[in-house]
Structures are given as structure tokens and as C-alpha cells.
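Annotated features, as they stand in TrEMBL:
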type: TRANSMEM; residues: A:18-37; note: transmembrane segment
type: TRANSMEM; residues: A:76-101; note: transmembrane segment
type: DOMAIN; residues: A:77-269; note: domain 'ABC transmembrane type-1'
type: TRANSMEM; residues: A:113-133; note: transmembrane segment
type: TRANSMEM; residues: A:153-172; note: transmembrane segment
type: TRANSMEM; residues: A:193-214; note: transmembrane segment
type: TRANSMEM; residues: A:220-240; note: transmembrane segment
type: TRANSMEM; residues: A:247-269; note: transmembrane segment
Amino acid sequence: MTDASPLYRPTAWRWMRYVVLTAAALLLLYPVLWMVMASLKPEDEIFSQPAALPGSLDWANYVEGWTGTGRSFGVYLLNSALVSTLSVVGNVLACSMAAYVFARLDFPFRRTLFAVMLVTIMLPFQVTLIPQYTLFRELGWLDTYLPLVVPKFLAVDAFFIFLMVQFIRGIPRELDEAARIDGCGPIRTFRRVIFPLLTPALVTTAIFTFIWTFDDFFGQLVYISSPSLFTVPLGLRVFIDTTGQSAYGPMLAMAVLALIPVVVFFLFFQKRLVSGLATSGLKG
Amino acid sequence: MVSLSSAALSARLGRRGGRVPAGRRVGRHPGAAFTLLSPWLIGIVGLTLGPMIASLVLSFTDYDLLSAPTFVGGANYARMLDDPRLAQSLGVTSTYVAIAVPLKTTCALLIAVVLARGVRLIGVYRAAFYLPSLLGASVAIAILWRLVFGSDGIFNAFLGMFGVEGQSWVSTPDTALFTLIALSVWQFGGPMVIFLAALLQVPAELQEAAAIDGAGPVRRFARITVPLITPVIFFNLVLEMINSFQTFTPSYIISGGTGGPADSTLLYSLYLYLEAFTKFRMGYASAMAWVLLLIIGLVTALLFWTSRRWVFYADSGER
């Protein structure tokens, strides 16, 4: 808005806007800030002085929490990192292949299959849950990471296919045509031309997949039972089950650790996340 | 879908014999197409469509994972009709969806409108409002919520500043569900980002013209901005509704896996999980899953039906 615009409003109004926005943002983020502060306080101060800044940084909660479940929290972090990384690889490869086919190639039943793909985005996971569980049980996959990771290599997260289809539609077809004239078949065109140009959408997919898998609780709760395979969400649950009123500090400290990877990813890639999300919503 | 139909059109033109200009044509390569599509095809058959049919079949059986399923006809569905816990969880879930979705969408729209009016440091504000929606589904935040709304929590400390005596909001049946609703609304940043992108595309000339005609900010918002972004409002409502019906983690963590106190946080997904994986009533849980699909389908259809009255597609003439 320039000052000449009829929408221009006096300065007092403008300042009000910043006051309201800042207050709302602080209110929203305060619980998380509180959690970080509380994790650095001795147990008895967490609830007696809830708003106070910690007097000194007390890392005791982190030390205690790291081994608080009888197993190093590092194990949970590594397990989560493994599951999330494999999921990222699966989604990036399988969804980009499917997206390229839907966006660029013609084949029998193309429109029907595309419609099926779109509908599965909205399908509640409960409808396939129990047969999937029995299938993975028959395959002997229970209590392994396979039920969490293999579906990603089969492009089950159709949301990302849709995201990439939208992106590929924006890539000029002349590039495909040029590759064809140079003798590339469709698979080579995908590998050499489309896949590299798809990088922004691949990065968005990778980050969302990482964060969502890292945060996912349901699948890990259902499929993983051995404590040595526990991921971060399952490790945190152990704290709730085993600790009483007296051990909130270590639990909060580990909860903070669990949020750090997501927050770091967000800070590095927030522009890409936001634009990816916005595109998916707008070009329906 | 515009480019899809133009692709179909050019394919049809090609079949009539007229040469389609280079660069417009969609390559017809069924072999390569099915090769690249094969992971998705295996997934859609083996992990989606197949299991869907299987769960429909299982919903007419008794199945405890140990012995083979036995056919029981409509007994599972009949049992749903007089299962008081199911009625309770349907009530809890409906309340949750009916309050959380409109509240979350409204917050998202209001904040997006303020941000879209041209704010300095818009990126910082957008990031601050968006961050909770990335964290909110995690166990860590659900744990935090238990403490925030506990008797010693910061919510009561905040109320205390105004002299209000608090209580343990998570362990009182009348209020526990509202802590879950608050957690959902806390994550309004997701739909907000989508609103913001849409609002930034509303042409400024329209606003200015209305302002010159003497329309105040409220009228401009109600008469110009809102009609132009009704498709996005609709999109967000449908998306949030579908997701809300499936909420699981906060209800599990905040209630310690029980849905308590007094089943007041027993969201449908949690009850389904408890029936399937603690009582091993796989047939009953399958029936519950299909009823959930039916409910979501009906509510979606209802939203689509009402959308004809209030959703305005500016580009509908082009289709």
C-alpha cells in the first residue's frame, strides 16, 4: 500500500495492527517458550514460578532425561532419523515418478487413475489400517520399520504426487520435446530433464515428509513394540507411563529435544514450506 | 484441472489426424508410463484398494487375529447401535469437529487478513503463526498441553493474574475436550498460510474502487474480499474437517491412552485404536472405520451441496 492509496490509514491504526499481531504471536508461542525455560529449571521451580526466567542454566534435566527411560535418548533420536530419512527417500522417488506420468504421459485409464489418486488424498487412514496390519503381520514385518517405510516407496502419500503434478505442469513442455528430439525416451526425459527441474517440489516433499514422519505417533505405536526400536514419540510416551509428578523436568527436557529437529528444519526451509503449502491449496 | 482437459483435447485432436503443434502433445507411451507408475500401482492395489475391500469384508466378521475370521453378518453394525462408548465417542468427536474446525478457520482467516494488509516483517509474523501447525501433531506438544492445562499449569497462572481460581482442565470431564479444541485452534497457521496466499492475489484495484465509493474496511472485507476467497475458505473447511475426524495423538497422550476422564476425550480414532489393538476386535474396528468413512463422506457431500450457495468461482466461465 502506498501512501497515496485510499486504503492508507493513519499511523495510530498501523501501530495497533503491530501490537495485536505481536501480542497474538507471543501468546501462541509462549507455551513453547515456557517449556524451554522449564526444562532448564530445577524441578521445584517449574510450577512454583511458572513465568520466571531460569536463574541459571541448569542442564540437570537433560542429563537425567537422556537416560531416564533406562535407554539412551540418543537411540530414539537415531531410530527416528533412520525412519524419517528412509521415508523421505521413498516419497521423493516414488511420488515424483508417479507425478511425471500423470502430468506428462498418456496411457490407458489415465483419467480414471488420476481421479483415484486424488480421492485417496482424502481417504481416512483407518479404512485401510486393519487389513494393512494383518498383511504386514503375514509378511513377518511387525516390530520392524518396514510397515512405516515401504508404503512410502509405493507412493501411498498421494498428497505429494498432487503437489508435484502441479509443479510439473508449470515446466515448459518444450523441454520434453527437445529431449525427445535428442533421442530421449520418456524415462530418460524424466531422469535427465524433469527430475532435476523438480528440485523445489522435491525439497518441499522431503521436508514435509521428514517432519510428519518424525512427529508421527500412530503408525509407530501400532507397529513397533521392542524398546530398542523405539522412536522419539514412543520414547516420550515411556516418560508419561513411568514417571510421576516428580520427574516433569527430564520429560520436558526430552520433549524440547524432540522439537529441535523440526524447528531447525522449519527455520532453514520455512519459505519453501509455506510456498509449497500455498500452491497445493490454490491450484485445485 | 484446466491443463488436464487441454491435454485431453490435444490428444483428441491428434487422433483426428491433424498434426498438433510440437510442444503441445502429450506423449503416448503406455509402456514407460506403467513402468514409472508401477510403485504407485502396487501401492494403490496392495495398500489402498485391496485393504479397503478387505476391511469392508472384515466388518462383517468376528476377527481377533488369532483364529480365522468368522462371518457374523451385520452383527458388528448392530452392536454399534447399542454401544454406549461408541455413542459417547461419536458425541465427543462431533463436538470437537463442530467447534474446532470453524474456530480454527476463522482465526486463520482473521490473522491472514491483517497480514495481507501490508505489514512490515510479514515473513517473521507468518513464521511465528505457522510454527505451531508443524509442531502440534507431536507427542512433545501433547505432553506440554497436559502440563499447560494441569492444575499447576501456566493457563491457571495466567487466570490467576486476573484473580480467577483455576482447576485441572485436563482432568475435569466438562473441560478436558476444550483443551483438545484449544490445541487444534493453536495450529491455525496451516490454513492461515493458504488464506494469505489467496488474499495476496485479490486485486488491490477492487479494494481501492470500493474505498473510493465510500465502503469502510468491514464492508470491503465482507463484500469484496470474502466472496473472492470463498473457494479457499471451502477448501480449508473440507481439509480441516477431514483431518479433525482423524485426530489421535493429543487425545491419546493427554488422556494417557484411555480417552478419560470419564471418556470425555475419547475421540473416534482413539476408540477405534483401543477396540482394534487392545481388545483385538478387528471386525468391530473395521466396521467403525467404514462408518467413519461414511460420516466423512456425508459431511463432505453436505459441504459441497451448501457450497453451491456460497462459494463463488470467478473462473467458472472458463471451464
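Cβ coordinates come from backbone N, Cα and C, glycine included.
Annotations in TrEMBL come from automatic prediction, not curation.
For the transmembrane segment (A:247-269), the list of distant contacts is 32, 35-36, 38-39, 41-43, 46-47, 60-62, 64-66, 68, 73, 77, 81, 203, 207, 210-211, 214-215, 232-233, 235-236, 239-240: same-chain residues at least six beyond its ends, Cβ to Cβ under 8 Å. Note on the transmembrane segment (A:76-101): residues 107, 117, 145, 148-155, 157, 160-165, 167-168, 190, 194-195, 198, 201-202, 205-206, 209-210, 213-214, 220, 229-235, 257, 261 of its chain, located 6 or more positions outside it, place their CB under 8 angstroms from a CB of the stretch. Outside the transmembrane segment (A:153-172), and at least 6 residues removed from its termini, the chain residues within Cβ reach (under 8 Å) are 89-91, 93-100, 102-104, 117-118, 120-121, 194, 197-198, 200-202, 204-205, 208-209, 276, 279-280, 283.
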